[in-house]
Structure formats: C-alpha cells, structure tokens
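Engineer: Submitted below is the structure of interest, expressed as structure tokens.
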Amino acid sequence: MSERKVLTKYYPPDFDPSLVGRARKPKGSAAAAAGPKVQTVRLMAPFSLRCVACGEYMYRGRKFNARKETPQGERYLGIQLYRFYIRCTRCSAEIVFRTDPKNQDYVVEKGAKRNTDPWKRGLENGAGAEGEGGGLETDEQRLDRLEREMAEAEGEEERNAMAELEAKTEDAKREMAVADALDEIRSRNARLEMARKEGGELVGAGLAMVSPEEEERRRQEEEDAEAARRAFAFVRRQDMLEEIVEEDGEDEKAGAAPNGSGGGTGSGSAPVSTSDSKHSPAATAPDVMPPPTFKRQVKKKKDHAALLGIKKKQPLV
C-alpha cells in the first residue's frame, strides 16, 4: 500500500518512453482488430419494435447499452452509415438496426420487426427496406402515385361538370328573381313617395297598392275615432242639460219667493209651466245638436261635506 502514495517512481536506466505508446484499438483478437470500428454507446430506441424471438414489445425512447459499428465501405452520398447492436429486454436476443440517410430514418436488419407507423407510407420491417414492395416509397413511385391521383381527380371533375353547371344555373336564376323583386319594391316605394309628396294624381294608385291588412287597420282606426266622437258628443249634451236644469231651478226659486203668501191657484200654475219648460228642451236636445259656444260657464259647486255627513263648524263671531 505504501508504494501507491509515493510522488516518484523508479525508472530503470534503459527505459524508452517511445516504446510504451498506447494505441487505441478495439478489444479482441487480431482479426477483430483489423475489422470495423466498434464502440459501446448509450442510446434510445428510435422507433417502437417487437422481438421476433419472444414477442416482447419495446417502445420508442427506451434506453439501451448498444454497440456502435462503423462499416468502412458503406456510405450514401458521402454520409457514413452506422449499425447498432442491442439486446431484447426479455430474452436477450440480438437486434440489429442501422441508419438510413436516404429516407432520414432507421432500418431494422435482424432480430425484430418494426411496428407500423400510420404517418409514414410504405414503411415495413426487415432487411432490404428499399426493395420492391417491402420498403419506403421511391421517387419514381411517388411521382407515379401523384400522377395517378391527379388523373383520378381530373376524371371526377369531368363527371361533376354537368352537376356544377346545373347548380350554377339554379343560382343564377335565383339571383335574377331576387334582383327583380328588389327592383319592384324600389319602384313601388318610389311611386308611394311621389304620391305622398305631390298628393295629386298618384294618390289612387298608391291606395290601390295598399295591402288588405293595412286597409283593415285603417278601417278599425276610423271606427274607433267615430265611436270616440259620439261618446264625447253625448257627454257634452248631458253637461248642457244639467246646466239648463240648474238654471231653471234657480229661476223657479226666484219666482216662488214673492208669491209664497198668495192663493193656491197662483202657486199651482207656476210649477206646471216650469215643468213644461224643463222637459221641452230635453225632448228636443237629443234630436237637435246645439251650436258650440266658447262662453265661460261657471258651474255651481256641490257641497261634498254635507253628502259625507260632515258638519261645518259654526263661526265664533
């Protein structure tokens, strides 16, 4: 243990440091050292896959301790290809996949099958993924597919050309009908406006174009106005009759005061004549409408306190 803590070590006189140079070579035999470069790396699965030996599923992003191999003669447009060796997490079977710079993806070579990716077309598992019917879509296949899709779309458009023409014709007819209706409405409104302003020759034409609902509404308004006029006239006649009766009552009181001490015949004849004078206007009033007067008439105030039974206080003086 003491020799590990020393600061200097013993070097023999014939020691040559140039002979001790360390060469970084892969582990293994001489044949393995002459082969491709291999190193241990830590990586995540670039896609989800299933082991063909035990059927274990390994999801994308799972971490593995893998061996990274750099084959010397495998390049694509100057880009180096890399091959990775991993082990199944259940049965430890070897799984091999490599990079694919042409399609910017990875290709499984041995030991597993890649799960289907719906967002990638023509991708299947196994070696030779670029082969016919079992790999990615090539440029020629993609061009053929696009041309075929375009031809199908053009054929469908030709089939639907007649239907589109009929639909356009129907739309044009509908637009023309709407435009005609708008023109008619505008012309009618213009005629009504001219008739309202001038109030002359076009009044009859404007009234003829009024709808039945408008005529019914006007008739109802006229009937309501006539009924209101009759009601106000009746109330006015009743007020005039009351005023005439009150004036006749005052005249009767004035005539009865001087004749109160006289005979019975004189007092009896006066009321009869008064009653005749009272009823004669009442009989003729409903038939003959009195002319309107603008003279101010003062009505006699009624004693509401006496009707309610309220006695007035006697003055103290």
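The backbone N, Cα and C atoms fix where each Cβ goes, and this holds for glycine too.
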Engineer: Of the ranges 186-206, 207-227, which one does TrEMBL list as region 'Disordered'?
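Structural biologist: Going through 186-206, 207-227 one by one, TrEMBL flags 207-227 as region 'Disordered'.
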Engineer: Quick check: with Cys51, Cys54, Cys88, Cys91 left out, which same-chain residues have Cβ atoms within 8 Å of the centroid of the Zn(2+) site Cβ atoms?
Structural biologist: Val52, Ala53, Gly55, Glu56, Thr89, Arg90, Ser92, Ala93
Engineer: Per DSSP, how many helix, strand and coil residues does the compositional bias 'Basic and acidic residues' (215-227) have?
Structural biologist: 13 helix, 0 strand, 0 coil
